Amino acid sequence: MPRLLDKARYIILLLLYTTLGGHTTRGEEFKFGDSRAEYFAEAKILPEKLEVPRYLLHNVTEKIFFTEGEDNKPLFLTIIPCASSVEWTLTHRSISSSKSSSQAAGNTPNSSPPSDNTVLYHHQGRDLHNFTHPTGEAGLYTIEIRALESDTYVRLYASNRFPLKDYPVLPKDDSVTIKRRSRKGFSVEWNPSPQETPFDSIIEYHIAVNRKRPFDTYCSLMSHLQGDTPPRQTTSFEFPEEIQRNEEFRAKANPIKPAKKNEITYLNLGAKTKFTFNGARPGRKYFVNVFVYNKQNKKAVALKSLVVRTKPKKGRSSSVKRIKNGRTQIHIFKKPKESLTMEFRIRKPAKEVLLGVHVCGKVRFQIRTKKKKWFSRRVHNYKEFTLKDLPKDTYTIKIKGSKKGGDEIRFTLTTKKNKYKYPRLPKETSVTSVNTTCENVTIEWIGETQRQTFCVYKTEISEEVAKRRPKTDQCASEIDKASEEVFCKRFRNHQQQRLRESVKGLHANRNYRIDVIVKQNKRSKLFVRYDSLYVKTAEAC
């Protein structure tokens with residue numbers, strides 16, 4: 001029964017607010033402290049001396065109310081945004097103006113009452129912000145607030161007695177200063193909180209470092225680090241309309257997701273007022289936020305945000321090799337995760353740039369300029385790529401080996417097709433047998449449109465190997481010693497038709513592996529392989 005009376009009383013108070021106190025007198029029911037914290041979510045009326053959370057939808061303006069029944073009372077208001085920066089305006093409407101407005105509306109039923117709201121304050125930002133009005137007036141106060149970047153929680157506090165006191169005290173100089181800066185890290189320090197004493201240890205310092213944004217409040221850091229929860233289902237009055245409105249609000253809500261792993265570095269430093277961050281990248285910007293944290297009530301307040309840019313990489317060293325157009329490069333990565341950096345210069349805009357990569361192992365191959373990444377891919381075996389519409393510039397080629405090490409890479413890069421010295425394979429790399437007898441086998445494969453040398457090898461293999469049929473190893477840089485060269489021919493296949501040749505001198509009822517390799521010319525040591533063909537000759541002639 002008392003809960004029902006509470007609800008009825010609160011509904012009457014809500015009606016008084018929505019009619020702007022039209023017929024109430026000063027001191028009557030129109031004062032701080034009548035609003036109940038448990039009803040704040042539905043009625044949007046701030047309770048006194050309590051910090052309460054509110055969920056805001058992105059770019060939707062919401063009105064929140066509180067009242068004052070006496071003149072010349074101080075007003076203390078604190079707003080703490082979390083996931084997003086907010087824009088808010090505080091307006092006031094006195095009781096006397098509310099009365100005259102309602103009377104004017106009564107004399108002319110078809111007209112709406114004029115607005116006599118006075119704007120007291122306006123603020124936009126992502127910081128904890130306090131507003132103090134030393135001589136407040138009686139009447140209705142309205143906070144119009146809007147989330148600017150995403151859905152967010154905000155925390156609100158209002159009182160006519162004293163400001164918000166639960167948070168730790170900041171030092172007079174609340175800035176964070178840089179003590180050392182290098183290409184791979186930096187050191188910062190700050191002044192201790194005056195609340196810190198040698199007799200207790202309730203104050204400690206937390207720090208957050210990331211590359212995306214500053215965190216000007218502790219709840220902002222927590223929102224981005226852990227993600228926000230959806231707004232709770234609150235049905236204090238349990239009206240059907242209230243339940244439906246609540247469900248619609250929850251359906252529209254889109255709370256932010258937690259940051260990816262290692263995106264935000266967050267540490268508890270205890271009583272330390274110095275910190276060194278290692279593992280930064282050269283020439284990058286980092287946001288640093290330090291929080292004074294009270295262990296007893298778990299409240300925290302932020303020092304001024306700091307932006308640190310690490311020192312850039314050193315200029316181009318003479319050790320960085322510049323690649324010549326069409327020249328084949330060979331490198332062996334002896335150490336795990338070893339990297340190779342080279343440069344390639346394009347002197348005039350190129351419609352097509354040919355890249356051929358032949359890898360034994362796995363590597364990360366990247367081509368970029370200062371402004372843009374043009375190519376980045378993990379490559380193994382043999383691959384050909386065509387890069388289109390590359391502007392005049394100097395391109396940095398960075399190749400990173402695998403964790404195991406021992407990778408070998410051969411690659412070539414050219415703006416002219418006639419300078420592409422690496423042998424080329426068609427998309428279809430299979431070799432097929434057309435006819436098999438006891439002494440020979442007729443094979444077919446597809447050639448390339450450019451003139452190249454094709455060599456065919458035969459290798460007698462065991463029954464066991466023939467059953468396993470190992471895949472072709474493009475990494476092998478040597479011809480199998482057991483293989484016997486059948487022939488080498490140099491020709492061009494203009495229409496990319498299937499080429500047909502006979503492999504002779506075989507023995508009856510034996511297993512063979514037939515290999516077709518292709519290279520630029522007979523003297524070249526660089527070659528690539530077609531898929532191996534496994535055949536068995538006839539038992540008898």
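Quick reminder: no glycine exception, Cβ is built from N, Cα and C everywhere.
As the structure is a computational prediction, the values presented were derived from the model and not from experiment.
According to TrEMBL, the feature signal peptide maps to 1-27.
The feature region 'Disordered' is assigned by TrEMBL to 97-121.
Summarising the annotation, TrEMBL assigns compositional bias 'Polar residues' to 103-118.
The domain 'Fibronectin type-III' annotation in TrEMBL covers 168-299 (among others). When pLDDT values are averaged over the domain 'Fibronectin type-III' (168-299), the model yields 90.
Sequence annotations record features per position, and here TrEMBL assigns domain 'Fibronectin type-III' to 423-524 (among others).
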DSSP-derived helix, strand and coil totals, residue by residue, for the domain 'Fibronectin type-III' (423-524): 6 helix, 44 strand, 52 coil
For the domain 'Fibronectin type-III' (168-299), the number of residues DSSP places in helix, strand and coil: 22 helix, 41 strand, 69 coil
